[in-house]
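Student: Feature annotation from TrEMBL assigns transmembrane segment to 45-63, 70-88, 94-118, 125-144, 164-182, 189-213, 233-252. The domain 'TM7S3/TM198-like' annotation in TrEMBL covers 52-253.
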Amino acid sequence: MVDSYPLDPSCPVSPLLPYVLRFNASAATGWVEQEAHALEASLEGSLPVAIALTVGSLLLLLAGERLSRLAFFLSAGVVAYLATLLATDAALSGLSLASAAANCVALCAAPLLVGVAVGGLALRLLTLAFASVGLCAGGALGFWSYELGLHRVATGVVFLHRDLTYFICIGVAGLVGAVLLAHQQKPLMVFATAAAGAVGLVPGLALLAFSRIDARFLWVVDPSAASEHRGSPFVWGQCLSTLLYFAVGVAVQRRLSGAEGRSCCGRRRVSDASWVGGGGQLRVVLMDGRVTTEQVL
């Protein structure tokens, strides 16, 4: 049950709702304890989300630049999906449909269709594609900045059960990332995809793997606006691990780019430029990174 309309907990989109929509703040107090006492049952519904988040984050982290079309599609699709999910929630709140099944279908289908459509559109609009990657990377970094310390700077203004500082951190960082990547496209692509992948990998691994070692690793995905666990090593330790993931991602992507560049240089390239001199016709040849000329018989 969401605040203003019925929704079955078995709905596939239910695991996402506490993070992007309204949630019962009083119920969030015992969130981790509930996870600890019924870990297997509670994670069953989150497993597809955790797998998708982990796999997508790993692809962005380790090969975001090389798989640029995938990065464009995922980034634009995620932004459109979340925006449509919020809009659908607002529409359902106004309609107040009594059918939980109809609400579930609307929350699942509308954001997914719009996300796929916008992701496909980003593959044809290059500026939109780069801006989407920058928006995701900047917003992700803004989120972890809030979690690691800026949550202490409270404005007292609450929106969707979260302090306004939360939205300022994500919004400002996301806009800066979008503008930077839209104007400095290729040079920042490695850093942007590695940042987005590193941030997404933390909750993905917490849900998929670390929670099976200790349920307190789930504190990092606690949706409570006033989380009591931010001072725990189970939270800030995983947040700081983002820096390690980011460094590894940048190193791997640069190594892949360097290997690809050396492979290209190792191939023999013949240009179209040729001219006729006293000794016959010559053409320019690139071989192992050296520019030479050869005579055409």
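Glycine residues also receive a Cβ, built from the backbone N, Cα and C atoms like all the rest.
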Student: Between 70-88, 125-144, 164-182, 189-213, 233-252, who has the most Cβ pairs under 8 Å to the transmembrane segment (45-63)?
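Tutor: Going through each listed stretch, the top one turns out to be 189-213.
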Student: Under a Cβ pair cut-off of under 8 Å, which of the recorded stretches 70-88, 94-118, 125-144, 164-182, 233-252 contacts the transmembrane segment (189-213) most often?
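Tutor: So the stretch in question is 233-252.
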Student: Give the nonlocal contacts of the transmembrane segment (164-182) in its own chain as ranges (CB under 8 Å, at least six residues past its ends).
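Tutor: Same-chain contacts beyond the ends: 127, 130-139, 141-143, 145-146, 150-151, 153-155, 157-158, 188-189, 192, 225.
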Student: State the mean pLDDT for the domain 'TM7S3/TM198-like' (52-253).
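Tutor: Looking only at the domain 'TM7S3/TM198-like' (52-253), pLDDT averages out to 83.
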Student: Checking distant contacts: for the transmembrane segment (233-252), what same-chain residues at least six beyond its ends satisfy Cβ-Cβ under 8 A?
Tutor: 60-64, 144, 147-148, 190-191, 193-195, 197-199, 201-202, 206, 210, 214, 216-217, 219-220, 222, 227
